[in-house]
Amino acid sequence: MHPAPSVIIFSSLSGAGFGLLFFLGFGFPTVTGWVAFVFYLIAYALAVGGLMSALFHLGNKKNAVKSYSQWRTSWLSREAWCAVAALLVMGLHAALQVFFGTTVAPLGWIGAILSLATVFTTSMIYAQLKTIPRWNQPATPAFFLAASLAGGALLSGNVDAALILMVVLGAITAWHWIKGDRRFAEAGSTIETATRLQGRVSLWEKPHTGENYLTHEMVYQIGRKHAAKLRVIALALMVVIPVAVLLIFGPHHMPAIVAVLSHLAGVLVQRWLFFAEAEHVVGLYYGAHGAKRAG
Amino acid sequence: MTALPSHTDKKLGLVIDLDTCVGCHACVTACKGWNTQNYGAPLSDQDPYGKPSGTFLNRIHSFQSQPETGLARTTHFPKSCLHCDDAPCVTVCPTGASYKRVEDGIVLVNEDACMGCGLCAWACPYGAREMDQAAGVMKKCTLCVDRIYNENLPEEDREPACVRTCPAGARHFGDLGDPTSAVSLLVADRGGVDLMPEQGTRPVNQYLPPRPRDTIADVMTGDEDILAPFLAPVAEDPKGFLGWLDRALEKL
Ligand code: SF4
Ligand code: SF4
Ligand code: SF4
């Protein structure tokens, strides 16, 4: 899949933002006044900034409001609902904490759960797609949730939780890659099932000499060697470096900032790979994924 | 509503004969011609005199298939929306723009509601949906819904533009939900198949596989091979100047 920067930035940043809201909602830490203001500013900048960048991805923005109508069937519509509900509930919770110094705990809990639900609905937009076997696996929601919680724990200064969550995130990400490399063959779509022709089938001529929306959007291919290197970089930035920094230097300001930046950079690389490595079955009609046939 | 209907009264669709398609792309042109000037946003082209690309609702791929023994063969392979019974493109749509009609099973996009998110194109296994780059809305085969019921057209034109134009008669249109219709009989007779059945989309459109070919002798066998001795390579291992040139080029 084409790794569109707007979508990658959206899912990484808003994930971390909603993760931070999750911890703030449950009162880890319980903040009021100016401290609360700064925390919520960061959380909303990440979450809302991410959502805005997703809006830029739309071809016809004026109809975006209609995306609230199909929550019964569409995960994208459910995401829109959850995001607005989470931001409104947490907004109220935040206003009470910032301006009145009062914490209404149950309100925070509801907001926290809605924040995590938003991340889950985002992940299901990808995980539901049978056409992209690499995404169509339980590890997809697992890693979106783990990334959001790890980022949230880091940003909210819950160092112990952050250490554990980052290690969990590393493990889930590795599993997503290992399983993901097998998913295309498991799903069983080949150029033979795509064409139902007899014998060994290969593309002889494309429909057009040039590119089209489909090849641009869905037949993006990345070299294996390239991918392997980026996987190492992603894991190092997202897990190894922040964990090492926090363990060695302890939870002080400078190391914490290094850890957060490194972690977020790692999540961006991981999200880039999530898209760039994803093989859409339509590629079979364009001569792609030949090496992915079932054993 | 993007919930799929539990039942459609008819299953209108196409039957595509891979045996007779000659790969002329006439249906591609006819489809683009009709649909660019009728329902919805026109089908735009980008950079037509540079690196051209554009929106099409129907495209012809060509495949080579190599059987266990004998010669490889080419098959021209027209592909447009298959109007699936279990259309994943419909249920993912957040705006309600994508829907499947109860009366005839046609899958359509209401462009006035589409926000151009592209998720439906991701959900379609067949590459049957393309986002128009100028209009920013999703385009797909309408089964020429503005022709097949159009009383302003002469009777013989009330079928999809691609079917009407195909010079080889490789595209057939009808109700695949009615087992006695001409298209259903054709599918039964020729062993029509679903594309990518493992995706679980239950396509309405059916593909008729190419018939077995007559036996044609492989070239360069038997008595025909009178020229073979003259075509044997002269110098297997070049020596002298040619040998030096060969080695020098090899090193580059
Ligand atoms: S072919 Fe693709 S666009 Fe058409 S109904 Fe099936 S899934 Fe939807
Ligand atoms: S591109 Fe349009 S029709 Fe397709 S899913 Fe998005 S809103 Fe629905
Ligand atoms: S039925 Fe109409 S819209 Fe569909 S491929 Fe044929 S000409 Fe194009």
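Each residue, glycine too, has its Cβ placed from N, Cα and C.
Note that the coordinates shown come from a computational prediction; the quantities given were computed from them, not determined experimentally.
Here is what TrEMBL says about this protein:
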| type | residues | note |
| --- | --- | --- |
| TRANSMEM | A:7-28 | transmembrane segment |
| TRANSMEM | A:34-59 | transmembrane segment |
| TRANSMEM | A:80-100 | transmembrane segment |
| TRANSMEM | A:106-127 | transmembrane segment |
| TRANSMEM | A:139-155 | transmembrane segment |
| TRANSMEM | A:161-178 | transmembrane segment |
| TRANSMEM | A:232-250 | transmembrane segment |
| TRANSMEM | A:256-274 | transmembrane segment |
For the transmembrane segment (A:80-100), sequence-distant contacts whose Cβ falls under 8 Å of one of its Cβ atoms, 6 or more beyond its ends: 14, 18, 21, 24-25, 30-34, 36-37, 40, 43-44, 47-48, 51, 67-68, 71, 107-108, 110-112, 114-115, 117-118, 120-121
Among the ranges A:34-59, A:106-127, A:256-274, the one whose Cβ pairs under 8 Å to the transmembrane segment (A:139-155) are most numerous: A:106-127
Contacting positions for the transmembrane segment (A:34-59) when only residues 6+ beyond its ends and CB under 8 Å are counted: 4, 6-7, 9-18, 20-21, 24, 83, 86-87, 90-91, 94, 97-98, 115, 155-156
Within-chain partners of the transmembrane segment (A:106-127) [C-beta distance under 8 Å, separation at least 6 from its ends]: 11, 14-15, 18-19, 21-27, 47, 75-76, 78-79, 82-83, 85-86, 89-90, 92-93, 96, 135-138, 140-141, 143-145, 148-149, 274
